[in-house]
Amino acid sequence: MQIYVGLVIVVGMMYLMAKRKDPKTLLFGAGMLMLLLAGDYMGTFKAFSASMKQANVFETIITSMGFAAVVKLCGADKHLVSLFAKVLKKTGPFLIIGVAFATMIVNTSITSAAGVTAAMGTVFIPLMVASGIPVPLAAGAIMCGLYGGNLNPGHVHPTIVAHLAGVEGMDFVRAAAPALVASVFASSLVLTLMAFYLQKKGNKEELAAQAAAFGEIEMVKPNFIYAMVPLIPIVMLLLGNFHVVPAFKMPVPHAMVIGSIICMLVTRTNPQSVTKEFFKAMGSAFGNVFGLLICVNIFVAGLTKLGFIKILIDYMISSPAIAKVAAVFGPFIMTLICGSGESASIAFNEAVSVHADKFGMNVLDMGAMVVLSGGIGRSMAVFSAAMILCAGIAKVQPIDIIKYNSFAMVAALLTAAAFLMF
């Protein structure tokens, strides 16, 4: 009987998530109800305390968000975007592929999907439209690269999956990078082919009118040194972990702090402003990102106590193919419904991917697939904040973007699955 009541709680939580209610409140409440139902009256508080003790996860996430805030404060992100715009503006329809990869790279240093959308969309959507690319495809190109933050070892998902696998964040990046890069190429290639077709069949007067509607593109004159600053921590970690510069082999938080100091010095920004912004962003990251992880752990504790996790794992052990299908499509579908891939991906990894060895897989590959599935789903979710913002910048409705972008993102999902699951 308990498990059926628990199922009602889970379904109710998913329904409220689809209604855009706060995921932390829902996860915490659902987990607490299930633990009370199971008779573990202190289980909520035990799970809360256990989550708070994940110091390595906590430190990595908040320092990465602190660095991203410093980059934005110092204006280095604008120079990076403008540099890409200068390099890519003459590539015609192939601009879509370039913009998707540029978005992916920028997302490694600005890990907020909405923040990257704002920075890239305001420059590149008008630029692409002026090059003859239809508006929905121009907006779709931005969405194609919006899960590139998973190439940052300090981002929330690499940190969590690496923790579950007992490895470093850079090990996650090495495992996920080929699939992520290939999936971005696949989705942007689909949009490029669509652009060629629509340019051939489309109304040139309509395209010209769309370009005129955006007016003058606002860009700064790119300073190459400023533009490289957002990439410093990633480059340092890559050089250190691949033993090119052994001195750079260091924990992710150290690289983020060093990157923040270099950003401050290079851009000559007031140290007081940088310090305040860094620690303000750390506090925000604790409340928004690490807080979500705590609530997910309470939810997973409730699922475990009621026996959901054991039933799910036993079922997947009996049919490993089911586990693969669930990893590929589960977070993707949940994200389409809820608009956010964070809670779906974290919950799936905490509950299922940690047991990947029982399904004939390893935690890194399964965890990476789950993370990419959620990220790809967000890039075509009508309710995602990034999609709504991107549509606003492009002056179209989200559904106008999704009509084309859905084909591209399904191609991305299948490409990632081919790399990680088979």
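Don't overthink the numbers, they just go from 1 along the chain as shown.
Including glycine, each Cβ sits where the backbone N, Cα and C put it.
Taken straight from TrEMBL:
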| type | residues | note |
| --- | --- | --- |
| TRANSMEM | 25-43 | transmembrane segment |
| TRANSMEM | 94-117 | transmembrane segment |
| TRANSMEM | 123-147 | transmembrane segment |
| TRANSMEM | 179-198 | transmembrane segment |
| TRANSMEM | 224-245 | transmembrane segment |
| TRANSMEM | 289-313 | transmembrane segment |
| TRANSMEM | 325-348 | transmembrane segment |
| TRANSMEM | 368-394 | transmembrane segment |
| TRANSMEM | 401-421 | transmembrane segment |
Test the contact criterion for the transmembrane segment (224-245) and the transmembrane segment (401-421): 3 or more CB pairs under 8 Å, pairs 6 or more apart in sequence, then answer yes or no. no
Look at every Cβ pair spanning the transmembrane segment (179-198) and the transmembrane segment (123-147), keep those 6 or more apart in sequence, and say whether at least 3 of them are under 8 Å. yes
Contact count check, CB pairs under 8 angstroms to the transmembrane segment (25-43), set 94-117, 289-313, 325-348; argmax is 289-313
